[in-house]
Ligand code: LIP
């Protein structure tokens, strides 16, 4: 029997694949960019078109569903997560990469029901990486099951981080201090330029942890479920439960590793919240 969630998932997957083709076709073209919060925070016509394509397609099929989309919120829309079925959309996570033609950008699409994640889809059409998860059904890359690493010790870890798309000096100072503190005691730091794809490195076991201060709910909505379904943890960087509107996240392959990292990190609390 086909459940409502099966239908939501299949419709979302088809739309994501279709929207992904638009990103793939456009990545090597010259883009005209608009600046959002600062000179490295961009939106392109393709970000807006992908978001519209997803919202229209999902809205036509599921008129009672709600939406939180990055570009809609940037243009003054609401960022309210209620108990209603809500699709949380980042049409291009890694817009700066997309503008440069650096092929690590993706669509990130999550469905929350009763404020809890039910579906997560992350698609990088340039590298044909389709990460998917449904609650209690496991996590997959191109249909094959994925699992986090079993690393429990910070000294053996690869940690993903991001410079972010803000010029906030205090945030950058703390990022540098955390980088300086971690590099000598871990295996390595890595950065893909996309929060969602960094999370997927943790989900597939290529990296062991990721943290960022300054992300938004649309950057992490799909990734949270995929990491959890791959056996990992998603928490607040100070150690408690993740607060999805706080613009802070820490993901790790194991709780032990998450605890070790959270205890070491110098904390930063971005404002305003989502
Ligand atoms: C960006 C991420 C980037 C992260 C920023 C921001 P955008 O999303 O991909 O990795 O550091 O905080 O969220 O603006 O490209 O969708």
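Cβ atoms are placed via backbone N, Cα and C, with glycine included.
Residues or ranges marked as Mg(2+) 1 binding site in TrEMBL: 70, 92, 219. TrEMBL lists 90, 93 with the feature Mg(2+) 2 binding site.
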Applying the rule Cβ within 8 Å of the centroid of the Cβ atoms of 70, 92, 219, what extra residues of the same chain belong around the Mg(2+) 1 site?
47, 89, 90, 91, 93, 94, 95, 108, 196, 216, 218
Within 10 angstroms of the C-beta of residue 90 (Mg(2+) 2 binding site), what count of other C-beta atoms is obtained when all protein chains are considered?
33
Neighbour count (Cβ, 10 Å) for residue 92 (Mg(2+) 1 binding site):
30
Among all chains shown, work out which of the binding-site residues 70, 93, 219 has the most CB atoms within 10 A of its CB.
93
Residue 70 (Mg(2+) 1 binding site) versus residue 93 (Mg(2+) 2 binding site) - Cα distance in angstrom:
9
Any idea what the Cα distance is from residue 90 (Mg(2+) 2 binding site) over to residue 219 (Mg(2+) 1 binding site), rounded to a whole Å?
6
